[in-house]
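Residues annotated as transmembrane segment in TrEMBL: B:12-34, B:40-60, B:67-87, B:99-117, B:145-162, B:191-211, B:223-250, B:256-280.
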Amino acid sequence: MTDPISRRAALGAGVALAGLAMPRILRAQPAVVKLGILQPLTGALAQDGELGRIGAEAAAAAINKAGGIQALGGAKLELVVADARSNPEAAAQEVEKLQAEGVAAIVGGFASPVCLAASQAAARYDLPYVVDVGVSDQITQRGLTNTFRFAPGFGQVTGTALQNLAKLNEAAGKPCKTVVLVHEDGLFGSGLAKLMQTELPKHGFEILETIAHPTPARDMSNVALRIRSLRPDLVIPSSYYGEFVLLARTMRQQRIRPKGIYAVLNGAASNFRFVKEFPDAALNVMDCNHWHDPKNAEALALKKSVEESGKFWAYNIPLNYSCVKLVADAIQRAGSADRAKLTQALAASDFTGHIMPYGLTKFVQGQNQGARPVNTQVQGEDIKVIFPEEVADAKPVFPVQG
Amino acid sequence: MYAPEIVAEAVVNGLMSGATYALVALGLTLVYGVLHIVNFAHGALLTCAMFAVLGLNLWLGIDPYWAILPLALIFFAFGYGLQRFIIGPSSHGEDRNTLLVTLGLSIVLENLMLAAFKSDTRSLGADTAFDVLELGPMLISRPRLIGFGVALATAALLWLLLSATDTGRAIRAVAKEKLGAQLVGIDPRHIFAVTFGIGCACLAIAACLLLPTFYVNPRVGNAFVLVAFTIVVLGGMGSIAGALVGGLFVGVVESLGGLLLGESLGQLGIFLIFILVLLVRPTGLFGARA
Amino acid sequence: MTVRQIALPVLLVAVLAVLPFFASGTLLNFLVSALIIALGAQGWNLLAGFGGQLSFGHAAFFGTGAYVTAILQIRFGINAWAGMAAGIAIGAAVGWVIGFLSFRARLRGSYFALVTLAFAEVLRILANAAEFTGGAAGLLIRLQPGFGNMQFPDRGVFLWLVLACILLVLLLTAWIERSRFGAHLVAVRENEDAARALGVDVLATKLRAITLSAAITAAAGCLYAQNFLYLDANIAYGTWISVEVLIAAIIGGLGTVLGPVVGALALHGVGEVAKIAGGQITGIDLVIFGAVLILSVAFVPSGLMGLRRLVKGGRP
């Protein structure tokens with residue numbers, strides 16, 4: 001069973017963007033390499049899935065515009081977009097479809113459960129799978145040789161977040177001592193809270209309270225209320241978009257102004273919609289998250305074109321953009337779209353043509369060792385990188401003057 | 001332990017959330033009481049109403065509070081049509097079929113909104129959302145206070161409608177004895193549709209009250225549906241007063257539970273209450289009255 | 001059991017069983033997922049179709065089956081087959097407990113439906129918070145092909161395993177339909193008071209039905225866990241599974257032997273066709289799916305099996 005529509009759809013998008021919308025039949029058919037793009041386009045995570053797709057499609061358009069894959073005689077990259085429907089079961093089924101379509105590799109997944117299920121389904125066919133975002137450390141700890149993660153995993157993000165927090169606090173003269181943790185009770189938030197509880201005291205912070213909340217939460221007033229009564233120096237929230245927006249708005253409304261809001265892998269703190277819609281609530285919120293390299297011209301050009309098309313920029317876009325380029329580069333290195341060769345090429349890759357603040361790509365057991373998160377802060381109506389210094393495009397505003 | 005003013009504020013917060021929950025539950029309990037169906041499309045209809053509020057605000061610049069009356073009327077008509085021409089005819093009077101039809105309807109509506117509005121989480125402009133009323137040490141959100149008042153007023157109005165108008169009497173007649181009502185010349189199909197329409201109008205009002213402090217995305221309604229079911233059960237299925245008291249009660253329990261036990265386990269508390277009420281006193285704490 | 005009665009189920013299973021020799025991976029995968037739902041729906045149908053008790057919370061049994069086999073396998077290294085047996089047993093026990101509590105409180109109709117929904121939600125919240133269920137991170141069963149792990153190099157073998165379970169339940173249902181227990185169950189469905197007057201032990205009959213029903217749906221959960229090798233609280237105890245088994249059984253034909261299987265295949269088939277027809281705009285395929293659901297209820301109110309009777313001109 002093939003899925004002609006999604007192929008056609010993907011083609012439509014990819015080709016039109018590249019300015020090659022003339023009927024293909026009229027010309028000699030150039031070779032194509034199919035690449036599966038698996039994103040949660042419907043369901044709870046549809047917002048993120050859509051962003052991932054934008055990034056992947058922009059990369060394919062750029063590669064094809066630059067003449068396709070040289071080693072295969074200028075073969076064009078053809079994206080086959082599949083909808084993981086925000087659940088792992090549908091994702092595993094879509095992998096079967098992509099397999100039937102004959103894709104050379106799959107990029108995407110976004111959520112950890114989706115990545116876990118999909119990469120495992122792809123492993124049955126030795127089909128290379130590049131995880132775009134999924135941070136669960138389980139993803140790269142299963143010994144699956146087909147699975148690669150370009151972005152940093154959970155352990156690394158949180159470890160870096162803690163170190164950076166300690167450094168920021170130290171550089172500012174240690175203004176913050178007391179902390180309240182607010183986290184969603186899913187995979188993301190719970191794991192983070194557990195880690196923070198053991199690690200933060202080692203850096204001299206005192207945790208006043210850990211507040212878990214469900215997703216979706218109808219009301220964050222009580223969380224805000226508790227924060228108000230505890231008066232912490234620092235609030236560390238780890239929630240998805242809707243809940244964090246509610247919390248930040250309620251805190252603003254309740255006039256709760258801690259010396260800092262330091263988010264980790266937050267759904268909203270690095271989101272332009274939030275910044276544009278609630279500049280007051282978003283101001284000076286810090287986040288440790290994925291972000292593009294603000295000094296990379298290609299990244300800035302991509303950001304500009306995404307914003308010009310009326311869409312909001314988010315880290316999913318440069319990550320998927322980079323992942324698609326990574327796979328295209330590996331196909332170039334392998335000189336073939338053959339799976340075994342492609343897997344080998346990915347494993348041996350030292351790709352640098354990405355737009356993340358990462359440096360050299362080097363996979364060890366499927367995890368890119370060059371990957372790292374950065375600290376961002378909402379300043380003015382923009383999101384700036386404030387740490388580490390070599391990639392930063394702004395100075396941190398910390399502590400925030402209430 | 002928490003200072004008394006914090007606990008007091010949590011209770012006030014709970015009452016204000018509870019009033020909105022009650023409004024969502026009103027529609028559900030009314031439809032249940034009269035049509036004897038569990039309406040699975042309730043959440044999706046609430047989402048529809050919230051997008052309508054957002055749309056009116058974004059494109060026509062209409063304030064959500066001014067939208068209450070027109071939207072309530074529009075949603076009454078929409079609900080009337082849905083029940084009269086889709087749910088009623090396609091269910092053939094079978095409970096299990098109604099269940100499937102409303103389920104199908106919720107899938108259709110939710111995904112139509114996904115296709116139309118994309119999956120983004122959106123909110124209204126921030127200007128009114130930060131308004132607070134200072135009451136001693138308490139900071140009370142003005143939009144939520146307005147929500148509280150309007151929700152209570154709506155419940156009172158609904159009660160008046162049911163007890164003092166001919167339509168209300170007809171609705172109660174159909175709820176109690178469908179066949180008998182038919183014999184005295186009441187068309188139950190019309191009354192069913194009117195009831196469903198009223199349920200939808202309640203949702204439209206709830207949406208106008210919610211949006212200034214909440215957000216909307218194609219799945220947002222689901223967050224309110226389970227809690228609305230709990231309220232309906234707690235208040236006694238079909239009882240207006242029960243839904244109102246049940247809503248306020250659940251709001252306070254959730255708020256205090258969240259404050260003392262943590263938000264996630266606060267959710268668990270709601271379901272445990274739900275199960276206990278069903279097992280021990282299935283007619284609801286306040287007795288059923290259709 | 002007459003030959004006529006079991007001929008159709010056996011034929012259907014036989015047709016499905018030869019498919020692995022021809023089918024592509026996509027089709028096999030489709031069949032496995034659809035048939036796992038079919039098995040869950042068979043369990044639901046036993047309680048709702050024959051016993052008249054509409055549950056909205058079969059996720060409670062599905063999830064328990066899935067979690068028990070996964071936990072036994074991951075944490076205690078227990079063979080997947082033994083894990084499945086334990087999963088079915090504990091799933092059945094959960095069914096008995098929920099049944100005992102709610103039937104003793106004389107919950108019926110919508111009240112029973114809502115209480116089962118709440119039980120499933122409570123289990124979901126607990127599984128999401130507890131340590132030994134892997135909390136929110138879920139459980140991952142290692143990809144390690146081998147007979148003891150219920151993982152076969154050829155996916156067709158797994159399909160046969162699912163089919164074997166389905167055939168077993170088909171035969172069981174066909175037998176129950178004719179048995180004394182089945183007669184009691186139908187009597188309870190039609191009129192509890194009348195059944196009691198005739199000397200039927202209503203509580204015992206309902207309890208037996210929910211226990212059996214829970215065991216079957218738990219088996220579906222076990223197979224799900226072994227097939228996808230990943231579980232979390234929203235998959236195992238999520239509302240989706242309660243809803244899906246109920247839709248499959250009703251679409252197929254409530255209270256018919258073959259209904260759940262036919263319904264699950266039709267349901268998933270429509271989903272796939274809608275995906276193709278939906279095209280590029282996200283969500284349109286599910287709109288089509290929902291619309292087909294409404295239309296099928298409107299025009300085929302007694303389910304697909306009812307349609308078959310209609311075509312044959314038999315009893316309606």
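The backbone N, Cα and C atoms fix where each Cβ goes, glycine too.
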Ranked by Cβ pairs within a distance under 8 Å of the transmembrane segment (B:145-162), the first of B:40-60, B:99-117, B:191-211, B:223-250, B:256-280 is B:191-211
As a test: from B:12-34, B:40-60, B:67-87, B:223-250, pick the stretch that has the greatest number of Cβ pairs under 8 Å with the transmembrane segment (B:256-280).
B:223-250
If you count every Cβ pair below 8 Å, which range out of B:12-34, B:40-60, B:191-211, B:223-250 shares the most with the transmembrane segment (B:67-87)?
B:191-211
Against which stretches of its own chain does the transmembrane segment (B:223-250) lie, if we need a Cβ under 8 Å and a gap of at least six residues from its ends?
14-15, 18-26, 28-30, 32-34, 38, 42-43, 46, 152, 155, 158-159, 162, 175, 270-271, 273-274, 277-278, 282-290
Restricting to the same chain and to residues at least six past its boundaries, which positions have a Cβ under 8 Å from a Cβ of the transmembrane segment (B:191-211)?
20, 23-24, 26-28, 30-31, 34-35, 39, 42, 45-46, 49-50, 52-54, 57, 64-65, 67-68, 71-84, 87-88, 123-124, 143, 146-147, 150-151, 154, 158, 161, 167, 170-171, 174, 181
